[in-house]
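See structure below.
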Amino acid sequence: MNVLIDKFDVFAGGFWLTLQICVLAAIGALILGAVVAVLRISPVPPLRAVGTGYVNVFRNMPLTVVMFFAAFGLPALGSNADFLRIPGVDALFTRLGTDLPYFRFALIALVLYTAAFVCEALRSGVNAVPAGQAEAARSIGLTFGQNLRYVVLPQSWKASVVPLGSVIIAMIKNSALAGFFGVVGDLSATADQLTGAEGYAFIPVAIGISIGYLIMTVPLGALLDRIEKRQAVAR
Amino acid sequence: MSQQTSVLYDVPGPRQRRITLISSLVAGVVLLLGAYFLIYQPLDDKGQFSMELWGPLVDPSNENFSLVWDRIGLGFKNTLTAAALAIVASLVVGTLLAVLRIQLKSLTRRRFTGLATPLAYLLRGLSLLLSAVTRVCVEVFRGLPVVLTIFFVARGFPEFGVSFDNLWYLVIGLTVYNSVVIAEILRSGMEGLPGGQAEAAAAIGLSPAQTTRMILLPQAFRIMLPALISQLVVVLKDTSLGFIISYEETLNIGKQIIGVLGNPIQVYVVIAVLFIAVNYSLSKLAQYLQRRLARGRKTAGIPALNPPPAALMSQAEGAGGN
């Protein structure tokens, strides 16, 4: 059990890095997912096709393949994802700016993969709005944009909070994969490092790492349960 | 789905049709140009379309073709083996876990009247404790990343002197996570059933265990079938995590091929297409079943069942796993 105390800073550092990956990837995935969702409900067929294609491709591909693409395909194309070094943001999240590109590759993979699920969560919210609402909006002459802005989206937001939350929880768990793709020092890489190379006893390390992830996932899940129960009552 | 989204806009009139047509053309041209300049040209510049890189994968006359596809076939077979074993194991364990949790929950409500007071309190405490323990186990294993479960299984078992083939580490790791998810799906399915189902079963004298086995579970399986199938897609996708414990599944074999031929993009494209084809057909099957079940329910005249909780459904739809 000593490893938990001796290496507390390693565990804490791993937790901090995983949290950074999750925050950045969540922001990216929410933005990209919203864009894809807009594409999927737009009245223009080619845009809808692009959105549908995107979702089908990324939802049916293992994240591992996306990660491999990012970590080995991008370098083969001569890119090291420098465009993610947005001035200001990389000062806040120092790992974005360091020369090690794997942090950025992992982010790209997580964002691309999660965005497909975010899109579906948002769309399920739109679908949950009773058809009569949209019909009523159209019958008083609102255009497509007005309909979305004033009638459908405000209501769909409520219905999509819970699925969005479970997508984010899944993403936090998925971020563990980054440690096996060259991101040094996040929680899962820490587990590998401590039990493998440094030869610490397995169980305490496993407990420490698990606590790190559970701190992020369990409270969020409990919060979602509460929101869902309240919504069920409100309905 | 298209029915649902089209509610957002009216049946287009002539003007709207013209606008749609024009914007479709503009969008199509922009998309094609974007695809050309942002995807095709960079790839072409790096020579990624050369036959040297694609040949072993698509050209049957290439000397490596049969070799490469033999390996990919082997990897795919390994993927399917692991997936099938994990699916069966997690369905069995998940069902048992769901039944256990339902039973424990009904046990905690029992007062054990007729027994000596200390004994009744003891039994009541025990059932509360067991119920709490299973609850905590479910929360913990659901909250842990699958990658780590597999990793912990592969690292942990040998430490205690138990060692298996890599296949079994993968299967156990996947089962631990997915059985918990399946248990939650089934449990919420059973709890979502109309209360009359269990009451009627009790009225004709079935014991709680019989009620669960003969009345609740079959119905829960039926309503939750689409969610279960989506979860199976997740299991199939998650087998690709076998690479971290060097199990020879599709992706790992792909890595070996890349090591020899040096064509990462091409090999990953082929593997991605394989996965997408299989998983897409499975998701379509789930959708088809969902539609059929929805129709069947209406004609059977069973009163509207509570819809399964959205959180569980969307988690089962594939966001849950890897």
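Positions of Cβ are set from backbone N, Cα and C atoms, glycine also.
The transmembrane segment annotation in TrEMBL covers B:21-40, B:80-100, B:121-154, B:166-186, B:223-245, B:265-282. Taken from TrEMBL, the feature domain 'ABC transmembrane type-1' covers B:76-286.
Residues 78-79, 82-83, 86-87, 90-91, 146-147, 150-151, 154, 166, 169-170, 173-174, 177-178, 181-182, 185-186, 188-189, 192-193, 251-252, 255, 275, 278-279, 282-283, 285-287, 289-290, 293, 305, 308, 312-313, 316-318, 320-322 of the same chain sit 6 or more residues outside the transmembrane segment (B:223-245) yet have a Cβ under 8 Å from a Cβ within it. Segment contact is absent for the transmembrane segment (B:166-186) and the transmembrane segment (B:21-40), given fewer than three CB pairs below 8 angstroms at sequence separation of 6 or more.
For the transmembrane segment (B:80-100), same-chain residues at least 6 beyond its ends with a Cβ under 8 Å from one of its own Cβ atoms are 134, 138, 167, 170-171, 174-175, 178-187, 190, 212-213, 217, 220, 228, 232, 235-236, 238-239, 242, 247, 249. Listed by sequence, the residues of this chain that lie at least six past the ends of the transmembrane segment (B:121-154) yet keep a Cβ under 8 A from its Cβ atoms are 97, 100-101, 104-105, 107-108, 110-112, 115, 166, 169-170, 172-174, 176-177, 180-181, 183-184, 238, 241-242, 244-245, 321-322.
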